[in-house]
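J.: One structure, pasted below without further comment.
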Amino acid sequence: MAAPVAENNQQAGNPAQWSSRFAFIMAAVGSAVGLGNIWKFPYITGENGGGAFVLVYLACIAVIGLPLMMAEVMLGRRGGKSPIGTMTSVAASEERSKGWAGIGIMATLAAFLILSFYSVIAGWTMPYILSAVSGDFSGIAAEESGALFGGLLASPGELLLWHSIFMGLTVLVSAGGVRHGLERAVTKLMPALFVLLLILVGYAMTTGHFGEAVSFLFKPDFSALTAEAILVALGHAFFTLSLASGAMMAYGAYLKKDVPIARTSVVVAIMDTGVALLAGLAIFPIVFAHGLEPGAGPGLIFVTLPVAFGQMAGGSFFATLFFVLLLFAAWTSSISMLESLVSYLNEKGVSRVKAAVGGGLVAWLVGVTTVLSLNEWSGFTPLDMFARFEGKTLFDLYDYLTANIMMPLGALLTAVFVGWKMKPEHSAAELGGWHRLWFPIIRYLSPIALLIVFYFNLK
Ligand code: PFF
């Protein structure tokens, strides 16, 4: 049986600790960069009119997301345990109610629920890699591409297969532990991902429509901005930075004392944002070059891009690169979703292998209901009696519950805890000189902004 996570993660050579600042950055960026950046960001930007939405999103990252990330990493390192263990021990050392452990419990549940459906979507990349390699996209028309995607979603067996393989990959890394599993995977996969992305942006520059994409992404047209879009931007800022789901707290617990948290978090947020923008710069020129629709929605990269790849020289190669990239990105995120639970079980004496396999199995089982929501159970909308949930399948409900309720609520509670309940000297000891800037933001600005979001969201 593997040793439980050490009481004190600060011993030299501790296998339950990142070996370097670089390893932490790769792990945290690996968690942050995922389907959110490459699949979701481009399509929600397309749906919400481009530049103005991007600007609001950047503001949400800088003003709310980044300070919260610093708070979570700081709490994680102070507690040195799983998110549940960390919140329990930090609340105790601050002489606050045990109830604050609820932040850790909700984060662990949110991450677990996200993992269950994330694995299903991430699974889609694998049949796309196979189709790309075998040249299936060559010359494909928009209807055929739509039918291909529709066919995949309509087939529970196929979805189940890819979902199972993806969950297996996640469990495999997680079971390996912090240094031998997580760190080894992220320090190889993340640099590969950056190279792949740059190759794709390089290609997009040759399409003759790069300038059009740049102005779509960066020229704000505020008339295209709606109140709903602002909520979408904020929700996405949490999701893309892996906040309020324990990932950053769990990873912070494996961070050495001498790594500067604030500066490192800034690097992570910049890299995450950079990847989202680069993904936009890789995708939109291709979309525009082929006269396709930027607002196509969730199918943007699965329906639209294959058409574009099918028309370009070397399309099979670039399509393969693209979907491999997406798979890597999703994989380094999913392992961080499982970490909150695995580290908690590990603390309770369950071995890492058993915790990863058990957690993965239950998440897989919940994921099966998402698979079915896309086809056999697409008419099963159990909460129709509430107007807010009308017409939502189980998958829609998991997504709504995590993104619109659990994550903003967890973020609000975290901001209140570190801003009002924790002694400022304690947070200052972790954050150094940045504390003076960070503290008023997390104490006043973040909670107010989050309350406004709740008001509009639940109104
Ligand atoms: N940040 C990931 C993405 O953008 O795809 C999603 C995510 C990872 C959410 C880890 C939550 C989490 F704990």
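For all residues, glycine too, the Cβ spot is worked out from N, Cα and C.
Remember, TrEMBL labels are computer predictions, not curated facts.
From TrEMBL, here are the annotated features:
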- 21-39: transmembrane segment (TRANSMEM)
- 51-71: transmembrane segment (TRANSMEM)
- 100-121: transmembrane segment (TRANSMEM)
- 159-178: transmembrane segment (TRANSMEM)
- 190-210: transmembrane segment (TRANSMEM)
- 230-254: transmembrane segment (TRANSMEM)
- 266-288: transmembrane segment (TRANSMEM)
- 308-332: transmembrane segment (TRANSMEM)
- 353-377: transmembrane segment (TRANSMEM)
- 397-420: transmembrane segment (TRANSMEM)
- 441-458: transmembrane segment (TRANSMEM)
J.: Would you call the transmembrane segment (21-39) and the transmembrane segment (159-178) in contact, using three or more Cβ pairs under 8 Å, pairs 6 or more apart in sequence?
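T.: In this chain the transmembrane segment (21-39) does not contact the transmembrane segment (159-178) - fewer than 3 Cβ pairs sit under 8 Å.
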J.: Which sequence-distant residues neighbour the transmembrane segment (51-71)? Criterion: at least 6 residues beyond either end, Cβ under 8 Å.
T.: 41, 44-45, 215-222, 224-225, 229-230, 232-234, 236-238, 240-241, 243-244, 248, 261-262, 265-266, 268-269, 272-273, 277, 280, 411, 414-415, 418, 427, 431, 434, 438, 441-442, 445-446, 449-450
J.: With the transmembrane segment (441-458) as the reference, find which of 100-121, 159-178, 230-254, 308-332, 353-377 contributes the most Cβ pairs under 8 Å.
T.: 230-254
J.: With Cβ distances under 8 Å as the criterion, find the stretch in 159-178, 230-254, 308-332, 353-377, 397-420 that has the most pairs with the transmembrane segment (100-121).
T.: 397-420
J.: Are there residues at least six beyond either end of the transmembrane segment (230-254) with Cβ under 8 Å to its Cβ atoms? List them, or say none.
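T.: Residues 5, 9, 16-18, 24, 27-28, 31-32, 34, 36-37, 40-41, 44, 48, 53, 56-57, 60-61, 64-66, 68-69, 72-77, 79-83, 86-87, 104, 106-108, 110-111, 114, 178, 261, 268-269, 272, 276, 333, 336-337, 339-340, 343, 402-404, 406-411, 414, 449, 453, 456-457.
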J.: Using a Cβ-Cβ cut-off of under 8 Å, list the residues of the same chain that are 6+ residues beyond the ends of the transmembrane segment (159-178) and lie near it.
T.: 2, 15-18, 115, 119-120, 122-124, 126-127, 152-153, 184-185, 254, 330-331, 334-335, 337-339, 342, 352-353, 356-357, 359-360, 363-364, 367-368, 371, 374-375
